[in-house]
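Quick look at what Swiss-Prot annotates:
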- 95-153: domain 'CBS 1' (DOMAIN)
- 157-216: domain 'CBS 2' (DOMAIN)
- ASP250, GLY300, ILE301, GLY302: NAD(+) binding site (BINDING)
- SER305, ASP340, GLY341, GLY342, GLY363, SER364, TYR387, ARG388, GLY389, MET390, GLY391, GLU417: IMP binding site (BINDING)
- CYS307: active site, thioimidate intermediate (ACT_SITE)
- ARG403: active site, proton acceptor (ACT_SITE)
- 475-488: compositional bias 'Polar residues' (COMPBIAS)
Amino acid sequence: MWESKFAKESLTFDDVLLIPAQSDILPKDVDLSVQLSDKVKLNIPVISAGMDTVTESKMAIAMARQGGLGVIHKNMGVEEQADEVQKVKRSENGVISNPFFLTPEESVYEAEALMGKYRISGVPIVDNKEDRNLVGILTNRDLRFIEDFSIKIVDVMTQENLITAPVNTTLEEAEKILQKHKIEKLPLVKDGRLEGLITIKDIEKVIEFPNAAKDEHGRLLVAAAIGISKDTDIRAQKLVEAGVDVLVIDTAHGHSKGVIDQVKHIKKTYPEITLVAGNVATAEATKDLFEAGADIVKVGIGPGSICTTRVVAGVGVPQITAIYDCATEARKHGKAIIADGGIKFSGDIIKALAAGGHAVMLGSLLAGTEESPGATEIFQGRQYKVYRGMGSLGAMEKGSNDRYFQEDKAPKKFVPEGIEGRTAYKGALQDTIYQLMGGVRAGMGYTGSHDLRELREEAQFTRMGPAGLAESHPHNIQITKESPNYSF
C-alpha cells in the first residue's frame, strides 16, 4: 500500500478526445436509447439531477417527454415528494388505469381542489368508493358559472347520455369516439364499473412527444432521491405507493457501510423497483454496491461545477478515469452506471458515454432552463436562475445534510461541500436537450457508432495536454455572437 500511494494517474474530460473512425452512419440515424434496467428504458441517455434547484415535477415531466428521466430531489417533506412523483405519473397516460374519481355527495369545492391540484379538466363521478359504478362526469364546463362551491356534485354533474367504452379500447379507437362525440374524456367501464379513463390531451401528447420515456402503462417515467436518514423507510414507502419507477440512494460517499446496508434493505423491501446507488469513484465501490443489490451505480465524487468536495475534503477521482474504472467493474455484472457531474458541453456527454457510462446526470446544464425550480434573478440586465450544490450551506440547512453524513449536526456546525450561485437563463428544456443530443449524435457519427452500446465498446480516446485543449476551443478571435451550444 505504501509503495503504491502515488501510482495512479487519472484523467478528466479536458484531458481526452475521441478519435474519429470510419463511419457509415449519419448523425440523424443513430440510436440514442439505453436500457438502464429490466424495467427502465430511456430514449436519450440523460437524467436530470436530484437537486433542489434542478428537478421537481415540472422538470421531471419535461425530461421524460424528451425521452430522459428526472430525479425528484428530497429536500422536501415525505408527502410533498410523493405528491411530486404523482404529478409526473398522472401528467400523461396512454390509458389511466386508476383515475381520480369523486362521489355525488361530495362538494364542488372538493372537485375544484382536486382538479386544480393535478391540473385536470374533469373527473368521473361514481356511486360510491367501493362499487365505483359510473353515474356521471364533472368537467370545467359544468363549473363555469358556479358561485356557491359548497353545493353537491350531484347538482351540477353531467348525468345523461354518458359516452363510455369497454376497458380494452385502444388509443386509436378512443380517438375516433372522442372526435365523433366532441368530448375530451372517455371513461372505460366494465359492467358499469369505472375501470379507466382516456383523455384527448393524452392522445395529443402521444403525438406531440413520440420519444417520451414511459412505463408499461403508458405513464411517464420518474425517479426520486432518498438517503440514509431516519425518514428513509417511510419516504421510500410513500414514493413507491405514488408510483415511482426508480429510487436513487443519493449520498456523497456511496462506498460506506450505511449506504451498502440501505441498498440491501431497500432492494429486499422493494425488489421490483429499479435501485440506483451512489456516489462512487472506484471499481471496488461499484462492486460492493452491485453485490449489495443496486441495479445501477452513480459515479462522481466532486466533479460538479458547484461541488467543493475535492478542495474541502481533498478527495475524488477525475471523472473520465472514475467512469472507466467503474464501468469496467459494471461490465462484469452486466449492469449500468450513470456518469454524474463535470459535464460542461455536449462533447463531454459523449466522452462520458464512450468511457463506459450508460447515461449522464446533468445539473448545471439544465438548471438555467424554464422547467427548473430555481428562482429567477435579474443581474446586470440579464436573466439568471439560482443554482446551488446539495452540499451548499443553504441546501444543507433545508435538509440535504444527511447526504454528507452531517444529519446530527447543528446548522452552525455544518461543513459545506458546495456553493450557491446563478446560471444564465436558457429558456425551454427541449431546446437545450435538442442541442445536447445534436452534439452526441454528431460525435457518434464521427466515431461510426450506430448506438450507445457500440460507442461504449468500440470508441477510442487520445490524450491531450493544455495546448491540445486550447486548440480545441475557439482561439485567436473575439466571439461576437453567442452560440446556442457553446459558452466559455
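Just so you know, glycine gets a Cβ as well, placed from its N, Cα and C.
Structure with Swiss-Prot features highlighted.
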residue	record	Cβ neighbours (10 Å)
ASP250	NAD(+) binding site	28
GLY300	NAD(+) binding site	30
GLY302	NAD(+) binding site	26
SER305	IMP binding site	18
CYS307	active site, thioimidate intermediate	24
GLY341	IMP binding site	26
GLY363	IMP binding site	27
TYR387	IMP binding site	25
GLY389	IMP binding site	28
GLY391	IMP binding site	26
Query - Distance, GLY363 (IMP binding site) to GLY300 (NAD(+) binding site) (CA atoms, angstrom) - result: 13
**Report entry** Nearest-integer angstrom distance between the alpha carbons (Cα) of GLY302 (NAD(+) binding site) and GLY391 (IMP binding site)
**Finding:** 10
Report summary line: For ILE301 (NAD(+) binding site), the number of neighbouring Cβ atoms whose distance to its own Cβ is within 10 Å equals 27
**Report entry** Spatial separation of ASP250 (NAD(+) binding site) from SER305 (IMP binding site) - C-alpha basis, Å
**Finding:** 18
Report summary line: As a whole number of Å, the Cα atom of ILE301 (NAD(+) binding site) is distant from the Cα atom of GLY341 (IMP binding site) by 8
Requested in this report: Would you list the other residues of this chain near NAD(+) - those whose C-beta lies within 8 angstroms of the C-beta centroid of ASP250, GLY300, ILE301, GLY302 - in sequence order?
Outcome: ALA252, GLY278, ASN279, VAL280, ALA281, LYS298, VAL299, PRO303, GLY304, CYS307, THR309, GLY316, ASP340, GLY341
Requested in this report: For the domain 'CBS 1' (95-153), would you mind checking the mean pLDDT of the predicted model?
Outcome: 88
Requested in this report: Look up ASP250 (NAD(+) binding site) in the DSSP assignment and report helix, strand or coil.
Outcome: strand
Report task. Give the helix, strand or coil assignment DSSP yields for GLY300 (NAD(+) binding site). Result -> coil
**Report entry** Secondary structure tally of the compositional bias 'Polar residues' (475-488) (DSSP, helix then strand then coil)
**Finding:** 0 helix, 2 strand, 12 coil
Requested in this report: Pop the Cα-Cα gap between CYS307 (active site, thioimidate intermediate) and GLY391 (IMP binding site) into the table, whole Å please.
Outcome: 7
**Report entry** Alpha-carbon distance [ASP250 (NAD(+) binding site); TYR387 (IMP binding site)] in Å
**Finding:** 18
Report summary line: DSSP assigns the residues of the domain 'CBS 2' (157-216) as 20 helix, 17 strand, 23 coil
